[in-house]
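Features reported for this protein in TrEMBL:
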TRANSMEM  B:5-24  transmembrane segment
TRANSMEM  B:30-54  transmembrane segment
TRANSMEM  B:61-80  transmembrane segment
TRANSMEM  B:86-106  transmembrane segment
TRANSMEM  B:118-141  transmembrane segment
TRANSMEM  B:161-185  transmembrane segment
TRANSMEM  B:206-233  transmembrane segment
TRANSMEM  B:239-256  transmembrane segment
TRANSMEM  B:263-282  transmembrane segment
Amino acid sequence: MKKLNIMLSATVGFIGVAMAGQAAAAPSCGSNTGEAATGEPIIVGGIHGNAAPGDFSASTDAAAAYFSCVNANGGINGRPIDYRVENDQWNPELASQAAAKLVDDAGAVALVGNGSFMEMAVNAGTYAKANVMVMASACAISECFESSNIVSTNQGPLPSNLGATQYAQEELGATNVACIGLNIPNNGPWSCQPSIDLMKARGGDGSMALLNPGAPDVNSALLESIANGADTILMNLPAGLAIAVLKAAEEQDLRDSYNWIAPTPLYDLSVPEALGEYWDGKVWVNAELAPFHLNGADAQNWLAVMDSYANPNDPRDTFAQSGYLSARFFTDTMLAMDPAEVGDRAKVTDAIKSIKGLTSDLMCGPYYVGDSDFHMPNHAGYMLQMVGGGFKVVRDCYEFDSAYFEPHIALEKKLGLR
Amino acid sequence: MKTKYINWLIYAVLMVVVVTWLGWGKPNKIIGMFFVSGLAVGSLYALGGIGLVVLFRATGVLNFANGAAGAAGVMTAWQFGQWGVWAPLTWAACILVALLISLFYGRMIAPLLAWREPVVKAVATLGFALIILGLVSFLWIDDPRSISLPTDKIGIKLLGLRVTATRMIVFLSTIGLVIAIYLFLGQTKIGLNMRALANDRDLSALIGIPILKVETIAWGLSGLIAGFTGLMFGDLIRLEPTVITFMVIPSIAAAICGRLDNLVVVLVGGLSMGVIESLLTLSPVLKGARPIAPFVIASLVLLWSQRGTQLTFGGRD
């Protein structure tokens, strides 16, 4: 049944179509020698959350696929990557144990592809103390972007909200945005506030309505947004909850009375079908990485890697793109190091912190790390409109405008990226 | 009898005070919208609570697996819908799956625990709920989904809020169920047997009440209500198995209001919880406390109604 469902999934179906024309290309990974690495393994860790109510394992699945490809193509100067993945099951205790197992017991030189709501909040201090870098891929909470030893290829909700709000203000005439978010301090309020600040800075207004993650009644958050005088509703929620909000709005026939915008989680090709024709052309979604149908060279390579080295059932979604990117950037960094130092955690950490200017057509801007207490290299994206049972790009790569990014821009200038 | 009327009077006064306090300074239209929205959610709490009380009154089992049975049912309905099965058949499948799950537990597992304490019976159903949830999550991976009923398209405006026919069906079904079950338990032989069983299983067996048959009917009724509730939850709340499974928790709060016995109080308690939870949104200070509202209300009702009297979770222990 599971396989059947995955086959039925519109997402996979769509990607399958996209892949049909691309799968012929052989994947390109690491040194591309075509020979399997046989030397002493380099231990690399990864932690994801996979338990009800959500599965964030797509990022580590994609990273694992890329590392398998690297190992089949010479590894890191002949040494294979021993990629060990743990599941925190959204449990703080397990998250802490997973980090201890990988960092303290296994001696991982770095962690790559992490995806969780939980583990970054629990382990940020551990990573800093152990001087190990985490090149994460599926981050959604403040600790992931405001810590010294975690950097992610995905944007998380804060920039993606800003991108959606900025587009709505500039193109849809939004003057008052209500951000419906989760009542989790390091997620909802943290990621909604900069969008409200952006609206106020541009002469508009904003508010936030917070939902308990398990709350059955999303109607109240919607009514609260309306009561606050909003003309635009920003659904800063996981896809399932955002769909519930839209269904509640449909029940009230509110479609044409408001602008409906969302960050990346709603960019899922199952969503248009789940919402139905009522919402066709009426929902705008920000995408933090390249939309699936834009077939850049690296996007094609991601799919080729997934085809050749991932489980056929592994998702081909934004988190998988992000996991692939983290693994690729990590591998490129390791290959540029002195081969004698790739097993030394401190040297690997220094090398990762020195990353600057790595590019991919999956990302709008350059990827960098830098030695700072915050990391958010990805703060530009695409704007999409949900139309015709899919999504179309209505604004190509654009940088998000917010005072929040002032320290990031200063760092980019310091690194010579601007 | 006098105490009963006083209790209802105190309830009515308290509700007026709470609604006035939470809505103070807000336009009537806004209060009306939140009030109606709360009634809609509250009717779902009450519906779930009634399913629990029906079973508890007949078997002494507080069934935590009701939500999971409904979740499995509605996910099956969604799957059939994806396969292009005629919509009414998918709804029937939802109720059938929940019925079968309920009957399976009632016939295969519950008799093995018949002589254990009510707490043990309840915890066993919680374990069963987690097994069902695990299976459902395995079969249907986390993905955005929704299910709609034709009645979603029909609606009327009530106090500024559009109320769909589906919500009215839930509301009216809840009231209808209370009346039907009241009559069933009071006027039919099976109902009498159920009440006898709930009162004393040993004595009921001694006087020749067909225990297995009566309990099977109770589990079947509970399964039917769980299936209907699951379908309504999937449509009106979210088509997420975890959320539907754990909707049983506020439903239990509603059932506790009626001390797992009084269906009218379960109905009123469920509706009141929904309304207060919704109106709390209007309070900048208290809106963060919305998720605990049903349990605070249930605790207060319990404390008030139990003043030195009977146990609610009692029985053999």
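Any Cβ shown, glycine's included, is placed from N, Cα and C.
Note that TrEMBL annotation is computational and uncurated.
Contact counts against the transmembrane segment (B:30-54), taken as Cβ pairs under 8 Å, peak for B:161-185 among the stretches B:61-80, B:86-106, B:118-141, B:161-185, B:206-233. Same-chain neighbours of the transmembrane segment (B:118-141): 60-65, 67-69, 71-72, 75, 78-79, 101, 105, 109-110, 241-242, 245, 248, 313-317, counting only residues six or more beyond its ends whose CB sits under 8 Å from a CB of the stretch. Packing against the transmembrane segment (B:206-233) from elsewhere in the chain are residues 44, 47-48, 50-52, 54-55, 58-59, 63, 66-67, 69-74, 77, 91, 94-103, 105-107, 110-111, 147, 149, 166, 169-170, 173, 177, 190, 193-194, 196-197, 243-244, 247: each is 6 or more residues past its ends and has a CB under 8 Å from a CB in it. The stretch with the most CB contacts under 8 Å to the transmembrane segment (B:161-185), chosen from B:61-80, B:86-106, B:239-256, B:263-282, is B:263-282.
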